[in-house]
Amino acid sequence: MANEEVILLDFWPSMFGMRLRIALAEKEIKYEYKQEDLRNKSPLLLQMNPIHKKIPVLIHNGKPICESIIAVEYIEEVWKDKAPSLLPSDPYDRAQARFWADYIDKKLYDFGRKLWATKGEEQEAAKKDFIECLKVLEGALGDRPYFGGESFGFVDIALIGFYSWFYAYETFGNFSTEAECPKFVAWAKRCMQRESVAKSLPDQPKVLEFVKVLRQKFGLE
């Protein structure tokens with residue numbers, strides 16, 4: 001597809017934006033990256049995502065695709081002729097991949113946020129829920145190198161961005177992911193060896209500093 005315009009409206013610590021950075025990198029799609037100031041959202045963001053007014057937004061030839069998981073599927077469908085395939089070819093396997101991506105969105109984000117945004121009993125409950133969620137994901141991974149089997153794919157893309165926040169989660173939740181979920185950490189390190197992932201995820205200490213600023217704003221520091 002020649003003369004295509006692809007723009008990504010994003011914010012660097014967003015694990016949801018990281019999904020699109022990784023998917024575009026895997027498909028080797030050239031795009032323009034536009035960093036958003038979420039305290040002063042651009043007219044383009046408000047125009048392209050008038051319903052939710054949030055990032056990330058993938059803009060393809062002037063048309064917006066909102067919600068990160070939907071946008072990853074869009075990337076696969078539009079550039080399906082470009083290797084690698086991000087979704088399994090089998091309909092059942094595709095359905096399972098979508099199930100786990102949905103599970104990640106509904107469970108992991110909220111538990112992780114509570115780890116740094118709460119204190120006391122609420123934080124302890126969030127830590128228990130967070131670790132339990134990771135153990136469920138470890139069970140889904142099984143003994144395979146990636147969630148899709150031998151190849152990096154849809155569920156890996158949906159999940160790996162959270163790993164950049166783990167240092168912050170562990171710091172404020174006072175636990176070790178490696179001690180609790182070693183198989184999960186081994187998977188994450190395997191993913192980090194991929195160029196598409198390594199260049200799309202910010203350093204964990206940088207995310208920690210960002211979260212410290214957020215905690216100060218919330219009066220938690």
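One-based numbering along the chain as shown.
Every residue gets a Cβ built from N, Cα and C, even glycine.
Summary of the site annotation: Swiss-Prot records glutathione binding at Lys41, Ile55, Glu67, Ser68. Screening the candidates Ser14, Ser89, Ser151 against this entry identifies Ser14 as the one listed for that site. Taking each of the binding-site residues Ser14, Ser68 in turn and counting other Cβ atoms within 10 Å of its Cβ gives the largest count for Ser68.
Comparing the binding-site residues Ile55, Glu67 by how many other C-beta atoms lie within 10 angstroms of each C-beta, the top residue is Ile55. With Ser14, Lys41, Ile55, Glu67, Ser68 listed as the residues that bind glutathione, the site has a largest C-alpha separation of 18 Å. With helix defined as DSSP H, G or I and strand as E or B, the domain 'GST N-terminal' (4-83) counts 29 helix, 17 strand, 34 coil.
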